Structure formats: C-alpha cells, structure tokens
Amino acid sequence: HVFVNAKVPNPSFDSQTKETLKSKPPRFSAELSQRFLNEIVAKTGIVERVADWEQARQQTELIRKTRRRNRVNIPKLEDANFAGGTQSGDCTLILTEGDSAKALARAGLEIVGRDKFGVFPLRGKLLNVRDASHEKILRNHEINAIKQIVGLQHDRTYEEDESTEGSSVPSLRYGRILLMCDQDHDGSHIKGLFINMIHRFWPALLKREGFIEEFITPIVKATSKRSKSKVIEFYTILEYEKWKNEISNIGNWKIKYYKGLGTSTAAEGREYFRNFNRHRIKFEYKDSSDFTAIELAFSHDLADKRKEWLRNHIQGTHRDHTKPVVTYADFINLELILFSIANNLRAIPSVIDGLKPGQRKILFACFKRNLRNEVKVAQLSGYVAEHTGYHHGEVSLQGTIVNMAQDYVGANNLPLLCPIGQYGTRHAAGQDSASVRYIFTHLDPLSHILFHSEDNNVLEYLDDDGLSVEPKRYVPIIPMVLVNGASGIGTGFSSNVPQYNPLDIIENLRLKIKSEPMKPMMPWYRGFRGRTVQESESQFTQFGVASIGKYSSISIHELPIGKSTESYKEYLTKLSSSGFIRRFTEHHTEKHVHFEVKISRETLSKYLNSESDEPMLRKLRLRKTISTTNMWLFDSNGKIKKYHNPLEIIDEYFDVRCALYYRRKEFQLASFRTLINRLQNRSKFIDLVSSGKLILRNQSKDQLSKKLFELNFVPDELLSSPTTTTTTDQSSVESGDGSSLSYDYLLTMQILSLTQDRIVALEKQLQETTKKMEALEKMDVLDLWSLELDEISARISKLFQADDLEYQLYLKKHPKESIKSLNN
C-alpha cells in the first residue's frame with residue numbers, strides 16, 4: 001500500500017463522523033509533482049509488483065485454458081477421427097486460410113480420408129505473439145482454438161518429448177500441422193505468424209522433424225494453346241516472370257492467375273491431394289540460425305536490424321519449391337521477406353508522385369477512360385481491376401478510391417478525384433462515408449494539369465502479360481507527396497509525411513529553377529483555422545482554436561488535425577464525468593467545429609491566473625505535435641530512403657522532373673518533324689495528282705506504292721514513329737522497288753480533298769506547325785516548367801480564395817464572442 005499525507009481545501013464528507021472524503025479529485029486544487037511520483041515508483045517498486053502479479057495471474061489463466069481433451073467442440077473444426085486417441089501422433093491438422101480454402105481441403109479429404117486428417121479454417125492473420133501481452137493472447141479466440149485443437153499447453157515446453165522419433169508428441173491431439181495458405185505474399189505471412197507463435201511458446205516443437213509442413217498450390221498456371229495437356233505450374237510470381245522472360249512465344253500460352261485457394265476447383269483440389277507428396281513441403285530445423293531468423297522477422301526489438309535485412313535483399317531471389325524440405329531460415333529469408341517487401345511497396349509511396357501502387361492504378365484507369373463524367377465507385381473499381389492487371393480483391397481498391405476523393409479538413413489538400421455523394425466528414429475522420437454502391441466520382445479537373453498528358457509519351461509503363469498498364473511512376477508538375485502528405489505502416493518501416501501548402505511548394509520550385517535557395521516550409525492543411533508553431537528543425541506544434549467567453553464558458557472552434565469531433569466529444573464527456581467541466585453543447589456545421597463548454601469559475605480562475613495558456617490547452621487536448629522524423633519514401637531508384645525535411649524531397653523530385661522535361665521536349669520536337677513530313681508529302685501528293693503527273697486510276701496498290709517510292713514519298717513505316725526526321729532514308733525500310741511499303745496516309749485521302757484549296761490549307765498548317773516547333777526548340781525546359789507552374793498556381797489560388805470566402809460567410813453567420821483567446 002502507498003499512503004499519501006495531503007491537505008484538501010474545503011473538504012466534504014459522507015457524514016458527521018467524517019470517515020469518508022466525498023470531494024471529487026478535480027476540486028482538490030493540488031497537483032502531484034513529477035519528482036514526487038518518481039520517488040513513489042522508485043522507492044516502493046509498486047509498478048513492477050503490480051505488473052508481476054498481473055502476468056502471473058494471466059499465465060495461470062493461460063494454463064487453465066489449454067488442457068488436452070480427447071474431443072473438443074470448436075466451431076468450423078472438422079476433427080480427425082483418430083485425434084486425441086492412441087493414434088493421435090499420426091494425425092495431421094490442416095490449417096487453411098479462410099473458409100474457401102477449407103472447402104478445397106475438404107475436397108482433398110475425399111482422397112486421403114478423414115481418420116487422420118482434420119481441417120480448421122483460420123480467420124485472417126494470427127496475432128503476432130512475439131511482444132503481445134498475456135492478456136491480449138488470452139483474449140485471442142483464434143490462438144485459443146488452435147491450442148485446444150492441437151492440445152498445446154502453456155505449462156509444457158515439450159522438450160521432454162524430444163526422445164520420441166519423428167514429429168509425434170504423445171501428449172498432443174495432432175502429430176503434425178499442415179499449413180494450407182494462398183500462395184501469395186499474405187499467405188506467406190500467415191505461415192510465418194504461425195511459426196512465430198510456436199517458436200515463442202514451444203520452440204522445442206520446431207526442432208521435431210516434420211511437425212510443421214506446408215501445402216503448396218500454384219499461383220499461376222500456363223496451359224499450351226496447342227496441347228491442353230501441357231500445363232506448367234508456378235508457385236511464385238518471380239518464377240513465372242523468369243519463365244515468361246525466357247520464352248519468346250508467350251502468346252501460345254493461356255495464363256491463369258490463382259488469386260487464392262478459392263480459385264481452384266474441387267476437381268483440382270482432389271488432384272492436388274492425389275499428388276500429396278508433390279505439394280507437401282516439410283519445415284526443418286537446422287541450427288540456431290533458424291530461430292535467429294524467426295526473431296528477426298517478428299521481434300519489435302529488432303526493428304533496426306529488420307530494416308537492414310530488407311535493404312540487403314537481392315531482387316529476384318526466391319525459394320525453390322521443388323525441394324521437399326525447407327529450413328526455417330530459408331523460409332524467412334527467401335519467402336517471408338518477399339511479403340515484407342511487398343507490404344512496404346503497398347504501404348509506402350514514391351517520393352516522385354506520392355502514390356502507392358493501388359492509387360497509381362486507379363489514376364491510370366481514370367486517365368485511360370478519360371473519366372470526366374461521374375461513375376459509381378463500385379463500377380470504377382471493376383474497370384480499374386480489368387484494365388490494370390489488378391489480381392486482388394476490389395474492396396481495397398474501393399476504399400482507396402474513396403480516400404483519393406475525400407476533401408474534409410485533414411484528408412487531402414488537393415483531391416485527385418471528385419467526391420460526388422457522402423464521402424465522409426471530419427466529424428468521424430472520414431469513416432462516415434456512404435456505401436460505394438451509392439457514391440459517384442470522376443477525375444478532378446486539377447488532375448489533368450498536375451499529371452500533364454504530354455508526359456504520357458515519355459513515361460515508363462509496366463507490362464502485365466502483354467497488357468500495357470500503369471506507369472512505373474508518374475512525375476506530376478509538383479511533388480504531390482508533400483501536397484497531400486502520406487502515411488503507411490509496412491514491415492520494418494513506416495512513413496508519415498505532413499501536408500504542405502501547394503503554393504509554398506510552387507514558390508520553392510520557382511526559386512530552385514532560378515538557382516536560388518529555397519525557403520523552409522511549415523506543415524499546412526487546407527481549411528484548418530488553427531496555428532502551427534515550429535519548435536525545432538523537425539518538430540512543430542499545432543493548436544486548435546478556443547476562446548473564453550462570458551459566464552465561465554469556453555468556445556472551441558477548431559481541433560488539431562486528426563482529431564474527429566466524435567472522438568473529441570467522447571473526451572469532453574469524460575471531463576464532464578470527472579467534474580472538470582459542467583457540460584457542453586455542440587453547434588457544428590458540415591465543415592466547421594463548434595463546441596460550447598461550461599466550466600466552474602474556480603477551475604477557470606485557476607487556469608486564467610496561470611502564466612500561460614499551456615495547462616488549459618493540454619487539459620482540453622487542443623495541441624498536437626507534428627514531426628518530420630519518419631518520412632520514409634521510395635526514392636527515384638526504387639529504394640526506400642529516409643528524408644529529413646521537405647526540401648530534401650523537393651531536391652530529389654526536381655532532378656527527375658527536369659529530366660522528364662528534356663525527354664518530353666525531344667519527343668515533341670520529333671512529333672513536330674513527323675507531322676511536317678506528313679504535311680509536306682500530302683501537299684506534294686495532291687499537287688501531282690491534280691496536275692495529272694500522278695495517275696491513280698486503274699493501278700494496283702503495289703504499283704502505286706512502287707511509283708510513290710520512286711517519287712521519294714515517305715512511307716507509313718517512317719511516319720508511324722515520332723523519331724522520323726525531315727531527311728528520310730527509305731532504304732532503312734525497303735531494299736527492293738518499294739511495292740511492299742504502305743502509303744495509306746496518302747492513298748486513303750478522299751477524292752474531294754485532292755484540290756488546290758486543300759494544298760493551301762496544308763501549307764497554312766505546315767507554317768503553323770513549323771512555327772510551333774521553332775518556338776519549342778528555342779524554349780528552355782525550365783521555362784516550359786515555369787509556364788505550367790503559373791497555370792496550376794492560378795487554379796489553386798482560385799480554390800483557396802473560394803475557401804476563404806466560404807469561411808468569412810460562416811463567421812458572419814456564427815460570430816465569435818470572447819473575452820480572451822487561448823494561445824492567440
């Protein structure tokens with residue numbers, strides 16, 4: 001026990017005997033210093049004693065809940081007939097990834113029987129128990145179910161059973177575990193989490209040969225179009241990509257992706273189990289490096305080493321699934337690491353375009369569809385999946401589309417999609433959006449300027465089985481990762497990039513174009529009406545807006561970014577219950593926050609008499625720290641990199657954008673040359689036809705092609721590419737008489753267009769094109785960039801002016817009456 005001797009002013013008791021103090025703690029008018037609290041903790045050891053007591057209690061509860069039983073009653077478990085009996089050591093529990101995989105396993109049981117095989121579906125991913133509390137593990141239904149099914153006990157190490165041969169452990173209901181997961185990265189993660197759980201509590205079991213096995217199925221099947229009996233199975237995407245790059249006739253093969261075990265038919269499931277040994281791979285303990293690898297992948301304390309592990313991975317390496325045995329270390333370092341890398345790619349954006357792969361696919365599909373008219377989000381997600389080679393579920397795509405269109409304070413400074421319908425508000429941090437079946441969207445007009453269409457010709461596009469899909473990355477005219485910010489949690493890495501004012505970003509780009517030093521930037525959120533104060537080079541404090549009014553009231557008109565009005569309402573309710581405030585009322589609009597808080601005069605006087613508003617702001621939770629210490633992004637080379645301030649991001653982005661402008665200029669000049677060539681040839685062609693020097697009637701196409709070749713006309717083959725120059729070397733495409741060349745751009749012209757008027761129009765178009773090309777040749781690429789920055793700056797300024805006008809109208813309708821502003 002800890003006894004504290006203290007005086008309470010104006011105490012109130014439950015009776016005249018004054019045995020029990022009834023005054024509420026907020027009215028004690030006393031505060032315990034941090035030094036006093038530290039002394040109590042240091043001298044009494046009370047924190048450690050309470051923690052030890054709670055851990056012991058939870059450990060006892062874990063042991064109590066995991067006793068072996070011959071029969072267990074677990075929902076969805078299909079128990080092996082011999083499990084828990086004298087032949088339990090010969091039994092295998094198949095743990096599947098979800099119910100659809102269980103259905104596939106059930107089909108396979110028709111082949112191997114049910115006496116020695118049980119099936120249990122896992123609901124998603126297991127808890128990472130490595131650093132989880134006993135209480136969290138105790139409450140995890142999935143882990144408790146597995147322990148009961150297998151007969152695992154927390155008070156046993158199973159080291160005493162090492163003398164028995166094979167995987168069989170007499171005290172368990174099953175002798176081995178067979179993991180049947182999707183062959184994708186998430187399936188690898190589920191297998192890793194299960195191995196991690198066994199290693200955390202019963203490492204001796206991992207040393208038993210074949211205690212844990214995996215059942216592999218193909219993720220891609222290639223079937224020959226010439227011989228349907230010829231089928232090649234691939235167990236990783238990397239294996240398939242390697243094979244695809246080595247053959248030249250991919251068109252002769254029908255490719256089928258297996259998104260998960262649910263894609264396989266029951267017949268395929270039975271076929272897998274007929275070839276059971278081909279699809280079964282045993283996990284093997286070799287030496288201590290196996291356990292070291294497991295800890296590296298899952299221990300919170302090894303986060304820094306995990307970063308190095310991921311950085312040192314050699315791209316293209318993968319597991320050999322033809323081997324019947326794999327060590328735990330090889331599984332971690334060759335398979336699970338691919339999940340970690342893919343997880344980071346999904347969670348952390350590129351420094352160049354600020355987009356994650358899913359966002360990039362959505363933007364590409366919208367541009368491809370020229371999405372100017374509204375479409376349902378549910379329909380758009382289907383279009384994206386179809387036209388970008390998206391091999392996963394559409395639910396995550398739909399959520400990403402919604403996030404890209406949200407425009408409440410703190411969501412996006414410049415949304416790339418338009419929110420048509422209820423896309424969520426700041427009152428519930430965007431979680432109150434309507435169903436994707438009822439909301440619509442289309443590209444925001446600014447997106448066409450931010451991602452200029454002229455850039456498309458010089459971007460590097462990805463390939464999905466011959467289908468050209470989204471670019472490897474976009475290069476917008478301003479660094480969008482700073483405009484809309486970024487947040488994500490991967491494996492070993494997380495990222496948090498604040499949002500900045502796009503007009504400040506544009507100003508710094510202009511300074512850099514002029515080779516002048518850039519200006520420091522402060523985090524900025526569109527529509528936020530509070531203040532942001534810089535505390536250090538990498539730390540900022542953001543304040544909400546509050547003022548003290550008449551009759552002991554506090555008006556709150558703004559909350560720090562990330563704090564929804566619903567969560568803040570819950571906090572005020574707690575303050576009311578504790579007696580710190582009396583009551584509060586709400587007067588919000590769709591965009592603006594307004595709480596009226598009533599507080600006692602004594603409490604208000606105490607805070608008003610303090611030297612600063614800091615205590616009151618802390619108590620009301622109207623301040624938030626923003627830092628730039630965790631800005632991890634994929635750099636221009638595709639490597640994950642930490643940036644220390646926004647100017648570093650602009651520096652790297654600037655060089656990439658400049659290089660793109662040079663490529664774009666060269667492409668545009670080549671396109672102009674091609675057009676000039678075409679115009680000159682058409683004018684010449686019309687002149688020869690109209691003057692009778694070239695006869696078109698009663699001649700075959702080959703004869704005309706030969707004649708045009710002799711007259712030195714440029715064929716289609718040299719005009720189809722913008723690399724054509726004004727001096728055309730026809731020998732590069734034809735070594736004969738020219739009869740095999742194509743001149744469709746001339747021969748398909750309508751008869752009515754073969755007139756002198758048409759020649760005049762072509763000459764005029766030729767002069768205009770030549771003038772444009774000469775102007776472009778003289779223009780420096782940085783000048784071209786400056787013009788586009790002027791355009792986007794003007795559009796953004798109009799948007800922000802409209803925001804300010806809306807806010808002024810709001811203030812007129814809801815005037816603020818205050819005696820004192822907090823943190824003015």
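Cβ coordinates come from backbone N, Cα and C, glycine included.
Whatever TrEMBL says is automated annotation, not expert-curated.
Positions annotated as region 'Disordered' by TrEMBL: 1-25.
What TrEMBL lists as domain 'Toprim' is 91-213.
According to TrEMBL, the domain 'Topo IIA-type catalytic' annotation covers 348-789.
Counted within 10 Å of its Cβ, the other Cβ atoms near Y438 (active site, O-(5'-phospho-DNA)-tyrosine intermediate) come to 12, all protein chains included. For the recorded site, Y438 (active site, O-(5'-phospho-DNA)-tyrosine intermediate), the DSSP three-state label reads coil. Sequence annotations record features per position, and here TrEMBL assigns active site, O-(5'-phospho-DNA)-tyrosine intermediate to Y438.
Same-chain residues lying 6 or more positions outside the coiled coil (752-779) and placing a CB less than 8 Å from one of its CB atoms are 665, 668-669, 672-673, 675-676, 679-680, 682-683, 686-687, 689-690. Positions annotated as coiled coil by TrEMBL: 752-779.
Listed by sequence, the residues of this chain that lie at least six past the ends of the region 'Disordered' (1-25) yet keep a Cβ under 8 A from its Cβ atoms are 40, 44, 46, 578-579.
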